[in-house]
């Protein structure tokens, strides 16, 4: 295998160290010479001059540089930076366990692209029991910073084509698709500036992670095949996470824009733009029998949601074999929706369960202290005049639900209808029960809608 030396530009201006042993041809630039790189990007605030590691790029889409990448990560670990250069592509074709990290930067200015070798990835991955999730790699440790102007490419089109017509939550589903970016047992992770493109499944999944932030990130999933949509490509999913911050981020994908899942606390979201999504969703939780799930202390502010199924949504499972828990202390503030089927929805009849089954086996997840403030814009009219559907289970508690300054309209006509069933106390606005004859036509198919994961 041939390895590239440093580009002539760097060779002429930067003294570098040839590293014997693992990866011939790679270079490590000492910390005192990093300043010579000048315009390659911003420096870590705490350590402005870091040793920088450069690895060779791929020659083509079949040239797997997984070993080079792992080598570079190890050399950059504990105080260094791995630089993935602008205009270069780095193909990853092997699963990577990166859970040993401490004080590392990865400057992604080029493109990191995964292979679409479906048989390999379905046999070689990191598996999570929660909703049968798999990943290409996993990042863990502490003080991890990923930044730059480059692209993390999941190369998802083949996965979209082959998964068409299937459902992720079908118990018989065996076609597992990798998640693009996973953290596990990680503390203080920062991601900034990059683009995440065409994940085969969820885009981000954070597991047993504390203090993770995303800023100025663009998440995009699109399909070139109109009959094979980029399904389940959620922007952000969490499991056992304390401290998630998402700011100044754009999401254009085929599922939840944001979806904190079981045992997630202390979430802050500000300046988020979502197009074509299933909304900013709390959950789903309560899926697994006998398991306690919690989502608590969430603040979501200044969000635009366009052309989607949902706006601000809470979702909990119902049925004969489900879990229990609570979603508590959640605020949605300054939320702008346009052409959205369900601008505000509390859904305690999730997933694929009709009204009769939900009444027989209601949810055991409590919704408490939920505030929707300054929610404005238009619904799609899919559910008639209904612009908010707040439906709680008789088995669960729904209290402290407050709506303030709601300015939503429907193309189906006026006045807009807010439906509330099973809510304890005053919600702050006029609402009607779904059993009221005057609202039944407005509600339309809302009660029987089968939401996707």
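Using the three backbone atoms N, Cα and C, a Cβ is placed for every residue, glycine included.
Look at Swiss-Prot and you will find 1-16 tagged as signal peptide, backed by sequence analysis. Per Swiss-Prot, N-linked glycosylation site is recorded for 185, 225, 263, 275, 302, 329, 354, 366, 436, and the stated evidence type is sequence analysis. Under the heading active site, proton donor, Swiss-Prot lists 255. For 257-274, 392-398, the entry in Swiss-Prot reads disulfide bond. Taken from Swiss-Prot, the feature active site applies to 278, supported by similarity to another entry. Annotated repeat 'PbH1 1' per Swiss-Prot: 295-316, in sequence order. Under the heading repeat 'PbH1 2', Swiss-Prot lists 327-348. Annotated repeat 'PbH1 3' per Swiss-Prot: 362-405, in sequence order.
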### Query
So of all those recorded positions, 255, 263, 274, 275, 366, which one's Cα sits nearest to residue 185 (N-linked glycosylation site)?
263
### Query
Averaged over the whole of the repeat 'PbH1 2' (327-348), what is the pLDDT?
98
### Summary
residue 257 (disulfide bond) and residue 278 (active site), compared by Cα position, are separated in whole Å by 6
### Task
Mind checking which residues of the chain, 6+ beyond the ends of the repeat 'PbH1 2' (327-348), have their Cβ under 8 Å from one of its Cβ atoms?
279-280, 282-283, 285, 294-316, 318, 358, 362-363, 365-380, 382-383, 387-393, 396, 398, 401, 403, 406, 408, 418, 446, 451
### Task
Could you tell me what the rest of the chain brings near the repeat 'PbH1 1' (295-316), counting residues at least six beyond its ends with Cβ under 8 Å?
257-258, 260-286, 325-348, 350, 363, 365, 367, 370, 372, 375, 393, 396, 451-452
#### Entry: Three-state secondary structure, residue 275 (N-linked glycosylation site) (per DSSP)
strand
### Query
Taking Cα atoms as reference points, which of the recorded positions 255, 329, 354, 392, 398 is nearest to residue 275 (N-linked glycosylation site)?
255
### Query
How big is the gap, in Å, between the Cα of the residue listed as 'active site' and that of residue 436 (N-linked glycosylation site), rounded to a whole number?
28
## Note on the structure
Cα of residue 366 (N-linked glycosylation site) to Cα of residue 263 (N-linked glycosylation site), in Å and rounded, measures 14
### Task
Could you check which of the recorded positions (255, 263, 274, 354, 436) sits closest to residue 392 (disulfide bond), going Cα to Cα?
354
### Query
Taking the glycosylation sites one at a time (263, 302, 329), which has its Cβ surrounded by the most other Cβ atoms within 10 Å?
263
### Task
Name the one residue among 225, 354, 398 whose Cα is closest in three-dimensional space to that of residue 263 (N-linked glycosylation site); these are the recorded positions.
398
### Query
Nearest to residue 274 (disulfide bond) by Cα distance: which of the recorded positions 225, 354, 398, 436 is it?
225
### Query
For residue 225 (N-linked glycosylation site), what is the tally of other C-beta atoms lying within 10 angstroms of its C-beta?
11
## Note on the structure
If you measure between the CA atoms of residue 225 (N-linked glycosylation site) and residue 302 (N-linked glycosylation site) and round to the nearest Å, you get 33
